[in-house]
Amino acid sequence: MLRIRRVLEEKKLLNLIARSSRTRWMSSITEVMSFGDGSHGALGLPTSLIGHGMDAYEPTPVTGLPSDITLVSAGHYHSLAVTSHGQLWAWGRNHEVQLGRGLLNTRDTWNEPKRVEGLDQVQVTAAFASGVVSAAIGDDGSLWVWGRSKRGQLGLGKGITEASVPSKVEALEGEKIAKVSFGWGHALALTVDGKLFGWGYLADGRLGKMGGLVEASPLDSSMNVAKHEVITQSTLEVAERLVLEGMEKEMDMPIVWDPCSVEELKGVEVVDIACGLDHSLVLCRDGTLLSSGSNTYGQLGRANHDIGLFPVDISFPAAAIASGLGHSLAICRVKSSEGEGDATSIVSWGWNQSSQLGRPEPENVPMEVEGLAGETAILVSGGRAHSIAVTSKGEVWVWGCGRNGRLGLGSSCDEPEPVMLDSLEGCEVLQAVSGFDHNLILIAR
């Protein structure tokens with residue numbers, strides 16, 4: 001009986017979080033707002049409003065988009081938006097043709113939202129992005145990718161490092177893809193029936209023990225050498241030399257060019273995935289939360305430092321997960337202060353140099369963000385050094401690094417604890433996502 005009750009409670013909580021899905025607002029008139037670093041055009045704001053490459057310190061409407069956006073996604077330096085009619089729009093950095101408009105467009109047009117070319121025959125239902133690659137999921141579950149990645153992040157086959165137009169990932173033919181998450185050089189894809197596939201850069205076991213290859217990244221090892229030393233000019237020079245040597249050695253690290261099933265999880269149903277820069281989080285149906293990859297900042301959240309996928313030392317049942325560059329976030333079930341009904345809390349761990357965990361030490365131990373106690377979180381997202389969350393009340397909370405206005409609070413000040421974004425009060429917030437240094441907010445009008 002207790003097990004049945006627990007399953008029902010989990011389903012109820014997942015239904016609450018699912019309010020963020022596109023079915024909630026398919027008939028609504030929507031608007032996208034952005035704030036933060038505008039140096040790559042990822043804000044989608046006209047130069048007449050903020051100037052060329054300037055930042056936005058408060059949420060500002062993105063003009064030039066259709067009024068039926070159902071979903072937004074943020075890459076490291078670019079942005080994507082899906083319409084209710086299955087169209088995909090993009091803007092921001094395009095050095096790696098990740099906007100799907102070729103390289104003929106000059107940099108001063110990057111900030112202009114335009115339809116992605118080459119997807120006319122695809123009814124797009126979701127989109128995802130890394131720093132150099134973009135991806136779209138069709139209504140048939142097919143996966144399409146474009147951009148440039150020397151670490152195999154496209155998943156289009158051995159040696160293929162560039163796709164200037166959306167290309168179908170043939171290795172996943174027959175699978176219905178539900179979600180994709182990208183790191184710096186690796187990728188994970190989750191199917192509708194809970195299977196997990198991975199491809200790209202293998203170092204540190206960020207794809208699990210795929211192919212039995214679990215080598216540590218020489219770059220990550222170089223970073224660890226000087227991690228706890230007193231910083232002097234000499235140690236900086238040594239660290240720089242070690243990093244450069246590590247980058248050279250990294251060129252020969254193994255790459256999985258085609259999506260492959262993650263071996264440790266065959267037969268295990270996965271419900272959510274999230275990739276940080278060089279680590280991965282995997283949430284299983286039975287409530288187990290796994291982590292793998294680099295643990296330089298404690299972002300794996302476990303005392304077990306073995307390479308591969310192993311359980312996070314977390315005492316709260318997780319319902320959804322997210323990753324920043326070097327920190328990890330989870331929406332977890334907690335006991336309601338009233339004693340009954342659903343309640344959620346955000347748990348954080350990992351890199352905390354700019355207070356992106358929203359709480360004090362210890363960084364490497366998953367702990368509750370107490371500043372959100374009493375709030376029911378339904379969405380959370382992490383950037384380079386900041387975090388953002390949406391509650392069931394439709395409120396947006398931000399914390400961490402405020403540089404370039406990435407917290408949307410009108411200043412560059414860091415916030416060590418969650419602060420509500422007052423400028424959005426009264427808006428029906430449907431979604432909030434973070435790129436490295438910018439954010440996108442989807443609201444209903």
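In case you wondered, yes, glycine gets a Cβ from its N, Cα and C as well.
Automatic, uncurated: that is what TrEMBL annotation is.
What TrEMBL lists as repeat 'RCC1' is 30-85 (among others). As a summary of secondary structure, the repeat 'RCC1' (30-85) carries 4 helix, 25 strand, 27 coil according to DSSP.
What TrEMBL lists as domain 'RCC1-like' is 31-440.
If you look up TrEMBL, you'll see 86-140 (among others) marked as repeat 'RCC1'.
According to TrEMBL, the feature repeat 'RCC1' maps to 141-193 (among others).
The repeat 'RCC1' annotation in TrEMBL covers 194-286 (among others).
Look at TrEMBL and you will find 287-334 (among others) tagged as repeat 'RCC1'.
According to TrEMBL, the feature repeat 'RCC1' maps to 344-393 (among others).
The feature repeat 'RCC1' is assigned by TrEMBL to 394-445 (among others). Across all of the repeat 'RCC1' (394-445), the predicted model scores a mean pLDDT of 97.
Ranked by Cβ pairs under 8 Å to the repeat 'RCC1' (344-393), the stretches 30-85, 86-140, 287-334 are led by 287-334.
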